Amino acid sequence: MATGSGSVIWFRKGLRVHDNPALEYASKGSEFLYPVFVIDPHYMESDPYAFSPGSSRSGVNRIRFLLESLKDLDSNLKKLGSRLLVLKGEPGEVMVRCLQEWKVKRLCFEYDTDPYYQALDFKVKDYASSSGVEIFSPVSHTLFNPSYIIEKNGGKPPLSYQSFLKIAGEPSCAKSELVMSYTSLPPIGNVGNLGVSEVPTLEELGYIDDEQAESTPFRGGESEALKRLNKSISDKAWVANFEKPKGDPSAFLKPATTVLSPYLKFGCLSSRYFYQCLQTIYKDAKKHTSPPVSLLGQLLWREFFYTTAFGTPNFDKMKGNRICKQIPWNEDQVMLAAWRDGKTGYPWIDAIMVQLLKWGWMHHLARHCVACFLTRGDLFVHWEQGRDVFERLLIDSDWAINNGNWMWLSCSSFFYQYNRIYSPISFGKKYDPDGKYIRHFLPVLKDMPKQYIYEPWTAPLSVQTKAKCIVGKDYPKPMVLHDSASKECKRKMGETYAMNKKMNGYVGDEDLRDLRRKLQNDDESKIRNQRPKLN
Ligand code: FAD
């Protein structure tokens, strides 16, 4: 039984000191405080067979970002007379051992809606309560508690952004005072023999830190998050006039949006503090933009997806997901690999995928373009396969937001205008006619004249030779002809929507198999053979 006067604060997301109610409660009236982070092999074990450096679930960029965030948290805790205790192993087992060894009275951790944590927390809570340890698990990763919104909506999550806004109203954090700092924290108690270590380096985790290779320019941690937030909100006019679809997706030296997503993902930045900062600016502004396009509106998209994800069984699958249209996607591994590796032959698409591989972050509209291309736009590959690539490589990879947006972009849910397809040629050109973005991420095309940069296969051979880039040798030929591929995709989507309508959404495996067979008869080989004529 718990007899001690210590508390554990178990960090998972919420890697911050500011506005952290679990930390606040754990430190109150405790003689000792044990701040713990568990290195989970499920996420962190290096996988030499993965398609890029990293573990099977995460690219090395996100692992580095996490380690930087932990280092920063440790340093912020040290300033308050504490430190981070890093342990390794299956988190459930490790936490049970901690509770047994330290005999604490309280276990505090931020509530997490992701299925992985729901299952894990169930086990840990079960053990803790049977041992008389008090559990405190507040909702502080989001502005709203998704359960309350679902309850207010009669037990189902609202499925449109507008209905979400109406039901959600104002979050309670709008008026509450957030605890942003401490003068000190209780000391660490005796840690015993649990194998507590310092925050490991990438090398200590078995990764090779290739300093020569271009990697993400975004550094992890609470200090960096607050710096980045302050920089964004110091330009009050920019915040007041922020209008999402108007940003330039090709701007990479100075991105058109805040790039706060990885900090929100790991909880290095409190979304509630971000919300309060925005409200202060709006109050003083003569006029400002509104949701869905405003910066506050972006934060509310995050809330929307968290709520729908939490209230929808099998949210991350097409099968058994009642809000997801059943579509006979193909699972062509060759097409998927070409897309994933930035080898589709469309420079705009390939540059975005290389930015993902190297940086782990791309602008929202760039994500739109590549997700549309892979699914309903050109290749008709299953959204779950694209989702997996994003999930592994993004530094802001977020279970609810990523799945929600993939369903959106593939017209599987939320958005249904499948005739609106992004052109892999003209869309990027609008923003970046010189192709600076392409030249940076695809240096093989750096000397291609501007008039051919989006369609290098149309350049005469003499031009390709001069640019030291022969299409088909140095850079791939386009894998599909966009005009006909997109037409085919629209036809397939049309037939599929008609079937979903006819069956009232109840499309079985057999129906899907039949439709796939029917569509395939006049499809795949035709698209592959229709390559554009090359010089
Ligand atoms: P800003 O425009 O500055 O917005 C501020 C914050 O609002 C973001 O940090 C983010 O937390 C939130 N936000 C913005 N747009 C969205 C959106 N559409 N949905 C939900 N929240 C939003 N975002 C992730 O955080 N993780 C993901 O795994 C992810 N996967 C995506 C997959 C696809 C296919 C697409 C199209 C979008 C995805 N997004 C994801 C949403 C969006 O692209 C990013 O949140 C945004 O580009 C991050 O950049 P930012 O922080 O500069 O955004």
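Placed from the backbone N, Cα and C atoms, the Cβ positions cover glycine too.
Taken straight from TrEMBL:
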BINDING   257-261, 298-305, 396-398  FAD binding site
DOMAIN    5-143  domain 'Photolyase/cryptochrome alpha/beta'
SITE      Trp329  site 'Electron transfer via tryptophanyl radical'
SITE      Trp383  site 'Electron transfer via tryptophanyl radical'
SITE      Trp406  site 'Electron transfer via tryptophanyl radical'
These are the binding-site residues: Val259, Leu299. Which one scores highest on other Cβ atoms within 10 Å?
Leu299
Could you give the Cα-Cα distance between Glu303 (FAD binding site) and Trp329 (site 'Electron transfer via tryptophanyl radical'), in whole Å?
29
Note: among recorded positions Trp301, Phe305, Trp329, Trp406, least Cβ-dense neighbourhood at 10 Å is Trp301
So for Trp383 (site 'Electron transfer via tryptophanyl radical'), how many other CB atoms are inside 10 Å of its CB?
25
Here the binding-site residues are Val259, Ser261, Leu299, and the Cα closest to that of Trp383 (site 'Electron transfer via tryptophanyl radical') is found at Ser261
I'd like the number of other C-beta atoms within 10 A of the C-beta of Ser397 (FAD binding site), please.
20
List the recorded positions Val259, Trp301, Glu303, Trp406 whose Cβ sits under 6 Å from any atom of ligand 1, in sequence order.
Val259, Trp301, Trp406
Cα-Cα distance linking Trp329 (site 'Electron transfer via tryptophanyl radical') and Val259 (FAD binding site), given in Å to the nearest integer
32
Averaged over the whole of the domain 'Photolyase/cryptochrome alpha/beta' (5-143), what is the pLDDT?
96
Spacing of the two Cα atoms, Thr257 (FAD binding site) and Trp406 (site 'Electron transfer via tryptophanyl radical'), in whole angstrom, works out to 20
Taking the Cβ of Glu303 (FAD binding site) as centre, how many other Cβ atoms lie within 10 Å?
22
Roughly how many angstrom lie between the C-alpha atoms of Trp301 (FAD binding site) and Trp329 (site 'Electron transfer via tryptophanyl radical')?
27
I want to check the contact list for Ser261 (FAD binding site): same chain, sequence separation of six or more, C-beta distance under 8 angstroms. What comes out?
Trp361, Asp396, Asp398
Around the Cβ of Thr257 (FAD binding site), how many other Cβ atoms lie within 10 Å? Please give the count over every shown protein chain.
19
Whole-number answer please: how many Å between the C-alpha atoms of Ser397 (FAD binding site) and Trp329 (site 'Electron transfer via tryptophanyl radical')?
23
